[in-house]
Amino acid sequence: MFPMVTGFMNYGQQTVRAARYIGQSFMITLSHANRLPVTIQYPYEKSITSERFRGRIHFEFDKCIACEVCVRVCPIDLPVVDWRLETDIRKKRLLNYSIDFGICIFCGNCVEYCPTNCLSMTEEYELSTYDRHELNYNQIALGRLPMSVIGDYTVRTIMNSTQIKISMDKPLDSRTITN
C-alpha cells in the first residue's frame with residue numbers, strides 16, 4: 001500500500017514541478033513581448049556601428065615605411081607589400097600595398113601593431129560583390145575613406161537607445177550618439 005501512495009506523491013510532485021517550469025518559461029516569453037523590434041529594413045535603415053567596430057581597413061600610403069610588420073602579425077600573412085630599396089638614401093620605398101578582403105578575417109592585428117599608424121579600421125561593412133576579385137583592394141582603393149553612415153542623408157539611422165537629445169552645434173559622430 002505504501003509504495004502506491006509514494007508513487008502518487010512522486011507523480012504529484014513531478015506534475016507541480018513541470019507546471020512551475022512551464023510557468024517560468026511562459027513568463028520569460030511574456031517579458032520579451034514588450035521589447036522593441038530588433039529587425040531593421042536594411043537597405044533603407046542602418047544601425048550605427050560601435051566605436052570599436054572592425055570594418056574595412058583604411059591605408060595611408062604616405063605614412064607607410066614598408067616595414068612589413070603588418071604581414072608578420074597577420075595570422076594568414078595577408079597584406080601584400082611590394083617595396084624597393086633605394087640605395088642612395090638606404091631606405092625602403094613602397095611600391096604597392098594590397099589586402100584581399102575575401103580572405104581577411106578582420107582581426108585588427110595589422111592596425112594594432114603598425115608603428116606609423118598608417119592603417120586604421122573604418123565603419124564600412126558593405127563589402128559584398130558578385131566577383132571575388134573585386135575584394136582585392138590596392139593602395140588607391142584602401143586610401144578612400146567611406147562615407148559615414150551618420151552623415152549620409154539618404155539613409156535613416158536606427159538609434160538603439162530611446163530618444164537622445166543631440167545638440168546641433170557639435171558635429172555628429174558615433175561618440176555623441178552612443179553617449
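Note: Cβ is positioned from N, Cα and C throughout, glycine not excepted.
The domain '4Fe-4S ferredoxin-type 1' annotation in Swiss-Prot covers 55-84. Cβ atoms under 8 Å from those of the domain '4Fe-4S ferredoxin-type 1' (55-84) belong to residues 49, 91-101, 103-107, 109-125, 127, 137, 139, 142-143, 145-146 of the same chain, restricted to positions at least 6 beyond its ends.
Here Swiss-Prot flags Cys64, Cys67, Cys70, Cys114 as [4Fe-4S] cluster 1 binding site. According to DSSP, Cys64 ([4Fe-4S] cluster 1 binding site) sits in a coil region rather than a helix or strand. Sequence-distant neighbours of Cys64 ([4Fe-4S] cluster 1 binding site): residues of the same chain at least 6 apart with a C-beta under 8 Å from its C-beta are Leu94, Tyr97, Thr116, Cys118.
Annotation source Swiss-Prot lists [4Fe-4S] cluster 2 binding site at Cys74, Cys104, Cys107, Cys110. When secondary structure is read from DSSP and collapsed to three states, Cys74 ([4Fe-4S] cluster 2 binding site) falls in the coil class.
Long-range Cβ contacts of the domain '4Fe-4S ferredoxin-type 2' (95-124) within its own chain (Cβ-Cβ under 8 Å, at least 6 residues beyond either end) map to 49, 53-65, 67, 69-70, 73-76, 78-84, 132, 135-139, 142, 145-146, 148-149, 174. Annotation comment: Swiss-Prot describes 95-124 as domain '4Fe-4S ferredoxin-type 2', evidence class sequence analysis.
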Around the Cβ of Cys67 ([4Fe-4S] cluster 1 binding site), the count of other Cβ atoms that are within 10 Å:
17
Name, in the order they occur in the sequence, the residues of the same chain whose CB lies under 8 A from the CB of Cys114 ([4Fe-4S] cluster 1 binding site) and which sit 6 or more residues away.
Val69, Cys70
